[in-house]
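**Student:** Can you read through this structure? Questions will come right after.
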Amino acid sequence: MKLLLLTLAALLLVSQLTPGDAQKCWNLHGKCRHRCSRKESVYVYCTNGKMCCVKPKYQPKPKPWMF
């Protein structure tokens, strides 16, 4: 039982220490990926050439035209 708990603790520690799946972008609200998910859209491109996938609620709203 102790070996099982030690193994689980080690796996939890390793999973917290390894970096995430994607680089952060757009003020930490987006992720740099090759493809965006359905709920995300591309607003800018990352420095590594990938797309910065951002959820629409974090993208700036377009301002109306002033005449």
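Placement of Cβ uses the backbone N, Cα and C atoms for every residue, glycine included.
Feature list, courtesy of Swiss-Prot:
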- 1-22: signal peptide (SIGNAL)
- Cys25-Cys52: disulfide bond (DISULFID)
- Cys32-Cys46: disulfide bond (DISULFID)
- Cys36-Cys53: disulfide bond (DISULFID)
**Student:** According to DSSP, collapsed to three classes, what secondary structure does Cys46 (disulfide bond) have?
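**Tutor:** In the DSSP reduction, Cys46 (disulfide bond) maps to coil.
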**Student:** Pop the Cα-Cα gap between Cys25 (disulfide bond) and Cys36 (disulfide bond) into the table, whole Å please.
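**Tutor:** The separation of the Cα atoms works out to 13 Å.
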**Student:** For each of Cys36, Cys53, count the other CB atoms within 10 A of its CB; which of these disulfide-bonded residues has the top count?
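**Tutor:** The largest 10 Å Cβ neighbour count belongs to Cys53.
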**Student:** Just to confirm: which same-chain residues, 6+ apart in sequence, have a Cβ under 8 Å from the Cβ of Cys46 (disulfide bond)?
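**Tutor:** Sequence-distant Cβ neighbours: Gln23, Cys25, Cys32, Cys52.
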**Student:** Inside 10 Å of the Cβ of Cys25 (disulfide bond), count up the other Cβ atoms and send me the figure.
**Tutor:** 22
**Student:** Between the disulfide-bonded residues Cys32, Cys52, where is the Cβ count within 10 Å the lowest?
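**Tutor:** Lowest Cβ count within 10 Å among the disulfide-bonded residues (Cys32, Cys52) is Cys32.
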**Student:** In DSSP terms, helix, strand or coil for Cys36 (disulfide bond)?
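**Tutor:** The residue in question, Cys36 (disulfide bond), is coil (DSSP, three-state).
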